[in-house]
Amino acid sequence: MNKIFFPLAAVLFITWIVVWLTSGIENSGLPLIGFFVALGLGCRVKESLKGFSFPIVIFGVVALAMFFPSDFQEINGYPLSNLITPLIQVIMFGMGTSLSLRDFSEVIKSPKSVLIGVSAQFLIMPLLGFFLASISGMSPEIAAGIILAGCSPSGTASNVMTYLAKANLALSVTLTSITTLMAPVMTPLLMKLLAGQFIEIDLLKMMWDIVKMIILPIASGLIFNKILKGKSAWLDKAMPVVSMLGIALIILVITAAGRDSLLSIGPILIVLVMIHNLSGYGIGYFAGKLLGLDERDARTVAIEVGMQNAGLASGLAKTLGKIATVGLAPAVFGPMQNITGSILASYWHKREVKD
């Protein structure tokens, strides 16, 4: 059964090409969606490609939203965009259940690495986002979305990529946790400073929105973990799956809402997001080396800087009431960083750490 996925993906890809050429691209959605799902499942059962499975399936989710947008905007009059904030809260609750005081131990063990990582996170990506938004020529709201992606804290997927890259996992978890806890202050301040010329930013409201979206759920998760320590193994297994489903649904809803904008500016936005993401890796790595970090810590800082919490950015776009515009860049950033992060982690995994 496991060997059927790649041949099936090949057949579906050929079918997509044939349908596209004979009936038009607007009628070729189903085989393309099937291709991404089959390819993702094929990667899932092959150990060396497992890291690419989820990002590839996400491309299928994006295709689903692009070809059938009206099906994922509302159900019986209920806007599906209303689910974005609760989904982020569930994901952050899951993060909280996996945290403990040990996750902040690197502050004591490696204060220099932590200081460099946190500083790089809130300097490099916001400034890169502002620069790219300023030269993009895009509408103010879409440009603000690029900045928003850059002003968000590190994403939890960075911890997985750090592990695969043979970098400093303890430092990665510490940096993700600290930047996430700093987000209620840093993200609104940076948005007010850098994106205020593009869209109206209510500083206090954004701070409270972030507290509701990430701080309260994380605190609840920490309390839950403390009370049920050792008794919630089922939750440890379930939360990664719930988180992946939540991310997929968030991307589905945002892509469906912003489909028309994506059709007109999609290729340009993808290029800008890729430059943003890859520059974060590169500048983060070389900044770390320049400031005296060893190879493992420099790799960690690179991944932490390059990978953002796109889910939080999407949630903030929803609270701004601009999910179809401000939410586009974060929706593109999420799948993009998982693909590039997997490639970078695989590259570093094959190269021994030499300091």
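Glycine is no exception: its Cβ is also placed from the backbone N, Cα and C atoms.
Now, the feature entries from TrEMBL:
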TRANSMEM  5-22  transmembrane segment
TRANSMEM  28-45  transmembrane segment
TRANSMEM  52-68  transmembrane segment
TRANSMEM  80-101  transmembrane segment
TRANSMEM  113-136  transmembrane segment
TRANSMEM  142-162  transmembrane segment
TRANSMEM  169-190  transmembrane segment
TRANSMEM  210-228  transmembrane segment
TRANSMEM  240-258  transmembrane segment
TRANSMEM  264-287  transmembrane segment
Seg_contact(the transmembrane segment (113-136), the transmembrane segment (52-68)) with at least 3 CB pairs under 8 angstroms, min sep 6: no
Ranked first among 5-22, 28-45, 142-162, 169-190, 264-287 for CB pairs under 8 angstroms with the transmembrane segment (52-68): 28-45
Recorded stretches the transmembrane segment (264-287) and the transmembrane segment (142-162) touching, at least 3 CB pairs under 8 Å: yes
Considering the transmembrane segment (5-22), which listed stretch of 28-45, 142-162, 169-190, 210-228 counts the most C-beta pairs under 8 Å: 28-45
